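Peer 1: If you look up TrEMBL, you'll see 1-33, 45-86 marked as region 'Disordered'. Summarising the annotation, TrEMBL assigns transmembrane segment to 162-184, 244-263, 342-362, 387-407, 477-495, 525-547, 583-606, 648-670. The domain 'TMC' annotation in TrEMBL covers 468-578.
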Amino acid sequence: MEERPPWDPEAWGSVEGRPAPRAARTGPSLSSVLNELPSAATLRYRGPGVLPWGSEEAEDEEAWRSMQTSADAALQEQPEPGASRELPWPMLARRAHRQRLARDRVAQGAGSTGAQWTRLIRRSKEKVREGLRSLQPWAWTLKRIGGQFGAGTESYFSLLRFLLLLNVLASVLTACMVLLPTWLEGTPPGPPAPNASSPCGSYNPGSHGLVPFATELFNLLSGEGFLEWSPLFYGFYPPRPHLAITYLCAAFAIGLLYLLLILHRSVSGLKQTLLAESEALTRYSHRVFSAWDFGLSGEVHVRLRQRLILYELQVELEEARVRRRAAVRTLGQQARLWSVRLLLNLVVLALLGAAFYGIYWATGATVGLQDKPLIQRTPVLKLVVDYLPSIFISLVNFVLPPVFKLIAPLEGYTRSRQIVFILLRTVSLRLVSLLVLLFSLWNEITCGGDAEDERCKTCGYNYKELPCWETRMGQEMYKLLLFDLLTGLAVILLYQFPRKLLCGLCPGALGRFARTQEFQVPDEVLGLIYAQTVVWVGSFFCPLLPLLNTVKFLLLFYLKKITLFSTCSPASRTFRASTVNFFFPLVLLLGLAISAVPVLYSIFLIPPSKLCGPFRGQSSIWVVIPASIRELPQTAQNVLFFLGTQAFAVPLLLISSILMAYTVALANSYGRLISELKRQIQTEAQNKVFLAQRAVALSSADRTL
């Protein structure tokens, strides 16, 4: 028999003659071969004191010292990182690294002044970020909801908190730019006298004489009577030049604030969505190896994090099953599926068309019924007629979304895609129904756009039926907001809680019929967006509407939280939170764009009321801005008027187009670079597998010899 050849450390790439592990001395195993491959350089990113892949804790002292020497050499070669928390090391390794850096700083001195200022600025930024995160309300509540009911339900409450912040900021701006100037220039005058008249008719808001309590209650619900001439509505504010400017500037400032904050949220959600939908992160290994937070302390936090990871894995597995079924469909099955989708979309369009026509009819019927003597004499009937459009809109929004949820699973999409389609159809129903209502009001205010009509010829609007049309618009939005709140309270108190009691007290067939209810995220989210869109439309005509919506959302948060934990169970089917985190702000942007149309149309094209509001007597609301600019110095006038000319707009458009084209080209180049790096990673992985197989084969041949 031949003598076994001696071990040659250079044959396996040993560095500086250091001995290999004990397992390698009797024949290299697959783990030892992997440790000798170039990929073993990732040891420097695993931190000091971490055993190599495949090594055992019982390694001899010599091998352990070899590994420690290799790790220290790797750390010396690596550039000094900025912060220990950014290193992908275990907690003990990062703590040791931080202590070593502290000792080095003490030994070497404080360093230069520039380095001190850099560290001070970095620490200040970190403290500011931590302070802002600690100021976020209900952070622990949202984490608990996400752990118990999934990230989709958590995204609803996160959106509710975001909308509450928007309304608080809008309320503060309204108080500073509208309410304060109103009283700083003197006490606002009272309503017009009952016998006062003008070429545009007369306007007598409020109630006169002794008013019964029932009438006052109905006025509170409809925004009429004592509320009609109050700071709640547009008509109350006096025609003062400075107030008119601040009133209009407040509307634009609040709209710009809304736009910037929603865009910021949309961009952050888009990053998460693109990362989740792309293949940059492996769907399962990323969550298994990288989703755990090693800084958690306490059993409650650990269990919540476990549930979150479980929900995410459920989403991935369910969507993988749907994609696997879609991949094996034949051409005939694809044709049948697309035929079913086409038929279902036609049904959805028919339902939406019927709903929109019904809303248009209800709005027109309201105008006709309000002049009936019986309606005028009966406060209850008058209240029902006033709320007829709101009742019809709420009825349609209550009936059709469940139909959309029944249709969505029949289309063969993934759960996340189903949520998107349900949201699209429901948001179309809610927002377009609001547009139909606004179109009906526009038709009533402008006489159908006919300036030669007898009702609109004198003043430019229907002054006989609507002497203060801005207040009427605010009243409609006020009624929509109030009715939406009352409907939500009725559903919680009269449906959800009794259903929970019925499910718990009746173990038989009746209890199974009631069954445990789930929190319907699409319906709830669209309810928030609809309510916020109503506020955006009505805030110009009802300045205190954001404040009312703040109170409503605050009450709604606690009611929904109590309902969620007391009556709802975790969803049986979850969906990807990253998708809705981007889609929700996108729908919010759509609602903001839709609400801007009637407000801008009213500002630029419809003449303001001649008997109420800060713009009375003007040809249009926008006229006050050019008039105020003409009072400035000539240089300021020239600059501001130049900003509105084509000489400024055309170069700005060209520069913006060039920057946009450059950004798109840069993004495409980055995308190609990322694709190339991905291909290189795949090639390196194949090389590693090949080298490992070759090494094992050589080791087996060496043993036979």
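Even glycines carry a Cβ here, placed using N, Cα and C.
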Peer 1: Considering only the recorded stretches 244-263, 342-362, 477-495, 525-547, state which has the highest number of Cβ pairs under 8 Å to the transmembrane segment (583-606).
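Peer 2: Highest pair count goes to 525-547.
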Peer 1: Please list, for the domain 'TMC' (468-578), how many residues fall into helix, strand and coil according to DSSP.
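Peer 2: The counts are 86 helix, 4 strand, 21 coil.
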Peer 1: The transmembrane segment (477-495): which same-chain residues, six or more beyond its ends, come within Cβ distance under 8 Å?
Peer 2: 221-223, 232-233, 386-387, 390-391, 393-394, 398, 434, 527, 530-531, 534-535, 537-538, 541-542, 545, 548-549, 552, 555-556, 559, 563
Peer 1: Can you work out which residues elsewhere in the same chain, 6+ from the ends of the transmembrane segment (244-263), have a Cβ less than 8 Å from its Cβ atoms?
Peer 2: 162, 165-166, 169-170, 173-174, 177-178, 181, 237, 536, 539-540, 543, 546, 585, 588-589, 592, 596, 599, 603, 614-615, 621-622, 624-625, 628
Peer 1: So what's near the transmembrane segment (387-407) in sequence-distant terms, Cβ-Cβ under 8 Å and 6+ beyond its ends?
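Peer 2: Tertiary neighbours of the transmembrane segment (387-407) are 221-222, 344, 347-348, 351-352, 355, 358-359, 362-363, 365-366, 369, 421-422, 425-426, 429-430, 433-434, 437, 440, 476, 479-480, 483-484, 487, 520, 522-523, 526-527, 530.
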Peer 1: Compute the average pLDDT of the predicted model within the domain 'TMC' (468-578).
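Peer 2: Summing pLDDT over the domain 'TMC' (468-578) and dividing by its length gives 80.
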Peer 1: Should anything in the same chain at least six residues away from the transmembrane segment (162-184) have a Cβ under 8 Å from its Cβ atoms, list it; otherwise answer none.
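Peer 2: Same-chain contacts beyond the flanks: 231, 237-238, 240, 242-243, 246-247, 249-250, 253-254, 257-258, 261, 265, 528, 532, 535, 539, 543-544, 546-547, 549-550, 553-554, 557.
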